[in-house]
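Participant: This is the structure, below, for whatever I ask next.
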Amino acid sequence: MSIFSAPAFDSHELVTFGRDEATGLRAIIAVHSTTLGPAVGGCRMFPYVSEDDALHDVLRLSRGMTYKSALAGLPFGGGKSVIIGDSRKDKTPELIRAMGDFVHSQGGRYVAAEDSGTGVADIRLMAERTPHVSGMDDNEFGGDPSPSTAWGVFISIRAAVRHRLGQSDTRGVRVALQGLGHVGYYLAKFLVADGAEVVAADVNQANIDRAVADHGIHVVDPGSILSEEADVFAPCAMGAVLNVQSIEQLRAGIVAGAANNQLATEQDGARLMDRGILYCPDFLINAGGIIDVHHQRVGSTEAKKREHVNHIEHTLSQVLTRADESHRETNLIAETLAEDILHSARSKPLAA
Ligand code: NAD
């Protein structure tokens, strides 16, 4: 395993490997940047096939967090952690507490939040060992930031529909939704309430049943959701879903979803553009969760939090307009915008 020459290595400030024999913990923390503040990012638990896969994931995810927080106007840097293991079989309270010790060893440079395979209960266990955690407060949703993520994605879909189809709401718009988990469930709810037609797929029957019972959506086979005839494809399951093969299958003119790292490679942004598909960059439109975490930390009102999440729509509109004007990929425009924010923070003189 190499680090500095790993394809996803991008001048990360720190990459730390954690091992605890007693609990079986094997984890990696990647801090991409602390330019704007402590590197806040989720702790993912996943049964990676290899340590290289885990490293690749944590490097890409942490870089995405830097861009996400910068574009969202948050005082956070970019970081992420991964635990190698199956959250349904390997997760024990002691393993999660050991992860808390590992997070603590970073001295506050990295702050852990929930992610796929971890939840608010795990963050509370880590908090027994470290104050450097976020997203565990009790609120209307029990500290879960997913409804805010879903809201940010929903208003982004609305903005993309306005940009591409010229209508102000999503009434009659057909959305193919991949994944009915924490985010997908709420996204379906917001879309249906706005008049959209939602067709969804998931590999988890309980999640399908819950969404069908609560929102009355249509369900299709997971294998056919990509090629579903729709106006919008909303990936809310896993990363790298947009690749050389899948982009050919897409029949929707807009892609806007919550999943992190949707583009398998940088070139996939160009592939989407070549096919005339409007891609809403994931790290821009799925920032609602991290914005929620920030407002939990500072103890804001729900109204203030919502106002901040709503700003995503403005930033996205700016990105879509610039992309049209310059005939460049939306993901590159959004990355440039984030780099500009980081650059001006770096060049600011230190306060006396
Ligand atoms: P989740 O694990 O709760 O839900 C994912 C859902 O996708 C599950 O229901 C799962 O069964 C389903 N799924 C898995 N493979 C599938 C497949 N092949 N086809 C269809 N469905 C499949 O996760 P989540 O919290 O809802 O997050 C969804 C995505 O959004 C993840 O990529 C996550 O990293 C990203 N994200 C989440 C948040 C948040 O606030 N939760 C914030 C930013 C980004």
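Heads up, residue numbers simply count up from 1 along the chain you see.
Even glycines carry a Cβ here, placed using N, Cα and C.
This is the feature table in TrEMBL:
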type	residues	note
ACT_SITE	LYS80	active site, proton donor/acceptor
BINDING	GLY179, LEU180, GLY181, HIS182, VAL183, GLY184	NAD(+) binding site
Participant: Provide the number of Cβ atoms within 10 Å of the Cβ of GLY181 (NAD(+) binding site), excluding the reference atom itself.
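Facilitator: 16, counting other Cβ atoms within 10 Å of GLY181 (NAD(+) binding site).
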Participant: For a quick check of understanding: among the recorded positions LYS80, HIS182, which residue's Cβ has the most other Cβ atoms within 10 Å?
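Facilitator: When each Cβ's neighbours within 10 Å are tallied, LYS80 tops the list.
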Participant: If you count other Cβ atoms within 10 Å of each one's Cβ, which of the binding-site residues GLY179, GLY184 has the most?
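Facilitator: Counting Cβ neighbours within 10 Å, the top one is GLY184.
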Participant: Counting across all protein chains shown, how many other Cβ atoms sit within 10 Å of the Cβ of VAL183 (NAD(+) binding site)?
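Facilitator: By my count, 29.
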Participant: I'd like to verify something. Among the recorded positions LYS80, GLY181, VAL183, which ones have a C-beta closer than 6 angstroms to some atom of ligand 1?
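Facilitator: Only GLY181, VAL183 meet the Cβ criterion.
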Participant: Could you give the Cα-Cα distance between LYS80 (active site, proton donor/acceptor) and GLY181 (NAD(+) binding site), in whole Å?
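Facilitator: Roughly 21 Å, rounded to the nearest whole number.
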Participant: Give the three-state DSSP assignment (helix, strand or coil) for LEU180 (NAD(+) binding site).
Facilitator: coil
